[in-house]
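Annotated N-acetylserine per Swiss-Prot: Ser2, in sequence order, evidence recorded as similarity to another entry. Annotation source Swiss-Prot lists N6-acetyllysine at Lys91, Lys128, Lys252, Lys353, Lys367, Lys410, Lys419, Lys495. The annotation NAD(+) binding site is assigned in Swiss-Prot to 167-170, 193-196, 226-227, 246-247, 269-271, 349-353, 400-402 on the grounds of similarity to another entry. The feature active site, proton acceptor is assigned by Swiss-Prot to Glu269. Marked as active site, nucleophile by Swiss-Prot: Cys303. Marked as region 'Mediates interaction with PRMT3' by Swiss-Prot: 336-501. The feature phosphothreonine is assigned by Swiss-Prot to Thr337, with similarity to another entry given as support. Under the heading phosphoserine, Swiss-Prot lists Ser413, citing similarity to another entry as support.
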Amino acid sequence: MSSSAMPDVPAPLTNLQFKYTKIFINNEWHSSVSGKKFPVFNPATEEKLCEVEEGDKEDVDKAVKAARQAFQIGSPWRTMDASERGRLLNKLADLIERDHLLLATMEAMNGGKLFSNAYLMDLGGCIKTLRYCAGWADKIQGRTIPMDGNFFTYTRSEPVGVCGQIIPWNFPLLMFLWKIGPALSCGNTVVVKPAEQTPLTALHMGSLIKEAGFPPGVVNIVPGYGPTAGAAISSHMDVDKVAFTGSTEVGKLIKEAAGKSNLKRVSLELGGKSPCIVFADADLDNAVEFAHQGVFYHQGQCCIAASRLFVEESIYDEFVRRSVERAKKYVLGNPLTPGVSQGPQIDKEQYEKILDLIESGKKEGAKLECGGGPWGNKGYFIQPTVFSDVTDDMRIAKEEIFGPVQQIMKFKSLDDVIKRANNTFYGLSAGIFTNDIDKAITVSSALQSGTVWVNCYSVVSAQCPFGGFKMSGNGRELGEYGFHEYTEVKTVTIKISQKNS
């Protein structure tokens, strides 16, 4: 949505200073062992914002050692009441509310995110996620089991231990809290590696974590690159679990490293090529808008993007016309500027990849309805692009684009569209638009997706589990299921003289 459509959004901060640029270990700020730093940029202007300490294997080792020490039996963190963990998470949410404007401005400057979206959606989601996780802290519990014989048996839900958490660049702060919220609620300690493109809000969170009162070593933040710092976390022999959100290609490397090291637990939220199916009986206005937001939100840089749009033949032409009309309404520019409705892609690498895929669509015979190229003289901007007459064998129909590119395909029958929708390596999410409840239930059951939305799209909440089928990953984040990823179940059996019912 455009900034002008959003109510109650203050102006972003000006002359923002980036105070926290070092590595956060044991509630203290450290320079990198190597002495190296790396630059952080504004993708809208291509200007350097600051330099950040570049963590690598030696820094990860220090962070893991601190996390392990904080997790020792008898430590302040391990002996803390579960309800107190919840209080600390709520305190952290309070501090995010206090720094709401600063963090939203930082997300827009560093991540190219529309300021209004950062302020309302991302920061709002961050606060709700933490409060949800805080509420679970003293409700993660075991059971008693009526085992045969004279025994008393019960289970304990114990924290996994030291958790490595590798964060993507598209939702830097929200994904940071999706990771640390459940982990800390369950009593784990964490070593977090933010994406090298967007480390600034994560590092600011280090200061808030210390201010909230978390003991030293419970949360450690090591900015750095994937092949060095990320690889060190994935292969570390003293990391008990790693959680990663990002590309399927990197997810495979992380799982391989986990298997070759200590068989640490792994949860992965990876890529997607999500189908969105619009039947002829759907509310067309609703379907057009949700499908549009489903692929163009945050410049298309969403793992759940509705990037394969299947429209029933009888309404296809009208749907394409309305979709093109909607895409042409975008105003591109600096995401901090009021009235702008589309910002830049995150960096040059993504920018060039998207433009290459757009060119492939043109060459392979898709009809370019609008957009189709770069925009402006500075920054990584790409025109909102709509293709029609797309076929399933085209690259734009198969590969994850991660950009503002909508491809619209035609279908004739229910059985045909189910088969085509499932014909992908991915299985993260899907959408269905129909006013026929029988059709909605039938199709949602048939789709191989971790999440299916009916007559809506991209509706995500802390109360609901999120994750993918197939090569979109494994494990779940958030909801009650998400906490299982951060606990181990221990069975305790005690011999007693006599058991009574």
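Just so you know, glycine gets a Cβ as well, placed from its N, Cα and C.
These numbers come from a predicted model, not from an experiment.
Here the features listed in Swiss-Prot are placed on the structure.
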{"residue": "Lys128", "record": "N6-acetyllysine", "contacts (Cβ under 8 Å, 6+ apart)": "Ser461, Ala462"}
{"residue": "Asn170", "record": "NAD(+) binding site", "contacts (Cβ under 8 Å, 6+ apart)": "Gly111, His298, Gln301, Cys302, Cys303, Ile346"}
{"residue": "Glu269", "record": "NAD(+) binding site", "contacts (Cβ under 8 Å, 6+ apart)": "Phe244, Thr245, Cys303, Leu428, Phe466, Gly467, Gly468, Ser472, Gly473, Gly475, Glu477"}
{"residue": "Glu349", "record": "NAD(+) binding site", "contacts (Cβ under 8 Å, 6+ apart)": "none"}
{"residue": "Lys353", "record": "N6-acetyllysine", "contacts (Cβ under 8 Å, 6+ apart)": "Phe402, Gly403"}
{"residue": "Lys367", "record": "N6-acetyllysine", "contacts (Cβ under 8 Å, 6+ apart)": "Phe387, Ser388, Asp389"}
{"residue": "Ile401", "record": "NAD(+) binding site", "contacts (Cβ under 8 Å, 6+ apart)": "Gly300, Ala305, Ser307, Ile354, Leu357"}
{"residue": "Ser413", "record": "phosphoserine", "contacts (Cβ under 8 Å, 6+ apart)": "none"}
Residue among recorded positions Lys91, Ile167, Pro227, Glu352 with Cα closest to the Cα of Lys495 (N6-acetyllysine): Lys91
Lowest local Cβ density among Lys91, Lys252, Lys419, Lys495, which the record lists as modified residues, within 10 Å: Lys495
For Pro227 (NAD(+) binding site), the number of other Cβ atoms found within 10 Å of its own Cβ: 11
Distance from the residue listed as 'phosphothreonine' back to Pro227 (NAD(+) binding site), taken between C-alpha atoms, in Å: 35
Between Ala195 (NAD(+) binding site) and the residue listed as 'phosphothreonine', the C-alpha gap once rounded to whole angstrom: 25
DSSP-derived class (H/G/I helix, E/B strand, else coil) of Lys495 (N6-acetyllysine): strand
Cα-to-Cα gap, Glu352 (NAD(+) binding site) vs Lys252 (N6-acetyllysine), nearest whole Å: 24
DSSP-derived class (H/G/I helix, E/B strand, else coil) of Lys367 (N6-acetyllysine): strand
Position of peak Cβ density within 10 Å, selected from the recorded positions Ile167, Cys303, Lys410: Ile167
Euclidean distance between Cα atoms of Lys252 (N6-acetyllysine) and Lys410 (N6-acetyllysine), Å: 33
Surrounding CB atoms that lie within 10 Å of the CB of Ala195 (NAD(+) binding site), all protein chains: 24
Using Cα positions only, nearest of the recorded positions to Lys252 (N6-acetyllysine) (Lys91, Ile167, Thr337, Lys419): Ile167
Arithmetic mean of per-residue pLDDT over the region 'Mediates interaction with PRMT3' (336-501): 98
Integer Å distance between the CA atoms belonging to Ile167 (NAD(+) binding site) and Lys91 (N6-acetyllysine): 22
C-beta crowding around the residue listed as 'phosphothreonine', within 10 angstroms: 15
